[in-house]
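Taking it in order: structure first as structure tokens, then the write-up.
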Amino acid sequence: MELKRPFKIFGTDGIRGRANKSPMVPEIALALGRAAGQLLSRLGKSRVVIGKDTRLSCYVFENALIAGLCSMGVDTLMVGPLPTPGVAFITRAYRADAGIVISASHNPYYDNGIKLFDSQGFKLPDSWEAEMEAMIAKNHFDEELPADDDIGKNTKIIDADGRYIEFVKATFPRKISLKNLKIVLDCANGAGYKVAPLVFKELDATVFTCGVTPNGLNINSQCGSMHPETAQKAVIDNRADVGIALDGDADRVVMIDENAQIVDGDTMLAICARDMFKQKLLKNNRVVGTVMSNLGFIKAMECLGVEVIKSQVGDRYVIQDMLKYDANLGGEQSGHVIFLDHNTTGDGLVCALQVLRIMIETDSKLSDLASFVQRYPQTCLNIKVSSKPSLDSIERLKEVIAQVEEILGNSGRVLVRYSGTENTCRVMVEGPKYKQVIQLANQIADIVQEEIGLSVS
């Protein structure tokens, strides 16, 4: 049966929403599996890797996707809970035709999402997603079903964890170890809860873990990169050298220095860029950040003579610009850091290991490395919105933004944008004085709230 209205389910990071509420319902997951299978049938007999995080609802969508794919003649390879970058790696390692991750990343347990990779582990282009949306809207899959002897089969990959662990460890030099480091590791009760502790323990670190007891309902709950205060406290309590906080699917990381201070994606990106620049490993002396990158990061790169490309917010756009501008390092403030020499997506474990390597090779504390970036005061307010009209169409908003930009001049920035995965408007203001930044951000947020908002968080 053809759907009666325009059908848009993909956002900037695949499909995402409240579990058991459209679009995150099993019927759409089944149809998505069939649509993906129909596209892949053009390649002949195909195989798809399917991974997930630890949300209770993952079982629902995993089974629906497998049913949809197999019904279209596609073989599926299940890896169970595994970080998103691990699924991208396994997709390449098995020479599969695509990979699927069931995860809502840093969101609470009651949300879920589905994102797809191509055979190289890159997220699918917008054109593929649009074609699948059109197929799902028409819902004419019965006409394309294969004969009964061509139905796909489902197989469990039992060594996916071990393969990914060895892949991650291979990005760390054999000549050094983590023997003298005490590390706090917060896995957010998410996809990294099994593999992440083993990576650091096998490299001989002393590891204090938290967020490693998922129950389906506690992913990202007061733990992980969205709640670094848990790792900060553990660093203090255990007198650790460093803290590592992953998000729910372990594609992003926030680090904590020995003084329990947060080291975010911008600073980690700068640390790694400087190291790669010195070793002549930074391709074209270029790094990709985003429009949200802190001005302190931009100025630190300028001092090095490193060009900064500013992409849209979202790791898929960072990666697109890395490919477009021939860069091998990119990332965003939230903790997605992409090393294209190692993987095709953000990888929290790989990023953390690169920073630890630099600490060891330079005999530096993380706080010393982080001091390279003199961060500008910055705030970001999130306003829940009832709709997403063009921001340019809201005259009062345009006026207040212009006023704030005039006040800041060349010493600050304003960025107002909609989230690609939530019904949220984000207001970012950056400038030389923290109190002024907060005041100006609130002025803009108040107008957003009055015009289209529900509540400010």
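Glycine is treated like the rest: Cβ placed from N, Cα and C.
Positions annotated as active site, phosphoserine intermediate by Swiss-Prot, on the basis of sequence analysis: Ser105. Reduced to three states, the DSSP call for Ser105 (active site, phosphoserine intermediate) is coil.
Around Asp249 (Mg(2+) binding site), a 10 Å sphere centred on its CB holds 34 further CB atoms from the protein chains shown. Per Swiss-Prot, Mg(2+) binding site is recorded for Ser105, Asp247, Asp249, Asp251.
According to Swiss-Prot, the phosphoserine annotation covers Ser105, on the basis of sequence analysis. Of all Cβ atoms in the protein chains displayed, 31 besides its own lie within 10 Å of the Cβ of Ser105 (active site, phosphoserine intermediate).
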(request) Determine, for the Mg(2+) site, the additional residues of the same chain whose CB lies within 8 Å of the mean position of the CB atoms of Ser105, Asp247, Asp249, Asp251; present them in sequence order. (result) Asp53, Pro83, Thr84, Ser103, His106, Gly190, Ala191, Leu246, Gly248, Ala250, Arg252, Gly346, Gly348
(request) Sort out the sequence-distant neighbours of Asp247 (Mg(2+) binding site) for me: same chain, 6+ apart, CB within less than 8 Å of its CB, listed by position. (result) Ser105, His106, Ala188, Gly190, Asn220, Gly224, Ser225, Met226, Val253, Gly335, Gly348
(message) Please list, in sequence order, the residues in the chain of Asp251 (Mg(2+) binding site) that are at least six apart in sequence and whose C-beta is under 8 Å away from its C-beta.
(response) Pro83, Thr84, Pro85, Ser105, Asp315, His336, Thr345, Gly346, Asp347, Gly348
